[in-house]
């Protein structure tokens, strides 16, 4: 589309050539179109705030549902979220707000392995978030970036710059500090320290598996998307549509649907609020995709990268505000180091994009669609 625009701008109109002088003046270079000054939709502050708010909303709503007493219907939660997402984007398509291709059995067959990786990723992510606090979960999610980067090196011939490597070191350091702060607080706090440490260890194991699943999903999607040529909402449509039947089967056969367990997961006093949070968490994934595309359109991809890095801080702080996450010097230090690592990584990506494209990580080179990038950011958040 951009190439077509360039061609139109520099096309020579033969009837405008001065036949007497046998010469002509080249048309002036195209001027950037400034958005209408009075339009709220073109105010760069609004999409940035909307994107950050959507990311926080999704994480907080998921944590609220998963932090219930002995919640164990994770597959059902993910199924509801996928169903809500399909209804939402289909409604938006009917209203002309977004567009994506119609369902094709052949495309579904090609994409189904990616959907299975997605299910593994979101399930292990929900289990990790269930056992860990939001700040620790957010910090450890940064480790996925390292796995993806070196996966690109192994399978796509990429390379890692020195600044990127430095950001990786900060990510690992922040994760070590966060784990140490969590275990230290569990040992020193009142109650059964052994049980608390055991819960944290389970969370760390789920987090490790989630990082592996997430990197496999992102790398697999990068390779598979060449076969389907999916755009932003095509990916969202097929991911959620294909995951629904799988999640229904997994929930029906692997989860306890006895009346006792259902009442434990959905206490009568909190049932409506839990269901509302489940629906809202499903809508938030659509909000993230839409607001990230809005953010890139109104600002720039560079600004969007920095917003994604800065967004880690409010997400981590939301865990301190809305939930009983320990506020100690080590835990705050881990958040700060993780925040700085995100900024350094974003700066490294920006510098890579500014350099010639030889010898640079493929993840930084191709122009990534806004909602595809936002999907990666939401998985890290």
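For all residues, glycine too, the Cβ spot is worked out from N, Cα and C.
According to the topological domains annotated in Swiss-Prot, residue 66 and residue 296 fall on opposite sides of the membrane.
The stretch that Swiss-Prot tags with transmembrane segment, taken from the ranges 12-32, 327-347, is 327-347. For the transmembrane segment (45-65), the list of distant contacts is 71, 77, 126, 129, 134, 137-138, 274, 277-278, 280-281, 284-285, 287-288, 291-292, 294-295, 297-299, 303, 307, 311, 314-315, 318-319, 322-323, 374, 377-378, 381: same-chain residues at least six beyond its ends, Cβ to Cβ under 8 Å. Contact counts against the transmembrane segment (110-126), taken as Cβ pairs under 8 Å, peak for 71-91 among the stretches 71-91, 134-150, 160-181, 274-294, 327-347. At the 8 Å Cβ cutoff, the transmembrane segment (303-323) and the transmembrane segment (134-150) share at least 3 close pairs (sequence separation 6 or more) and count as touching. Note: the topological domain 'Lumenal' (127-133) comprises 5 helix, 0 strand, 2 coil (DSSP; helix = H, G, I, strand = E, B). Sequence-distant contacts of the transmembrane segment (200-220) (same chain, at least 6 residues past either end, Cβ-Cβ under 8 Å): 113-114, 117-118, 120-121, 124-125, 127-128, 130-132, 136-137, 140-141, 143-144, 147-148, 151-152, 155, 179, 182-183, 186, 376, 379.
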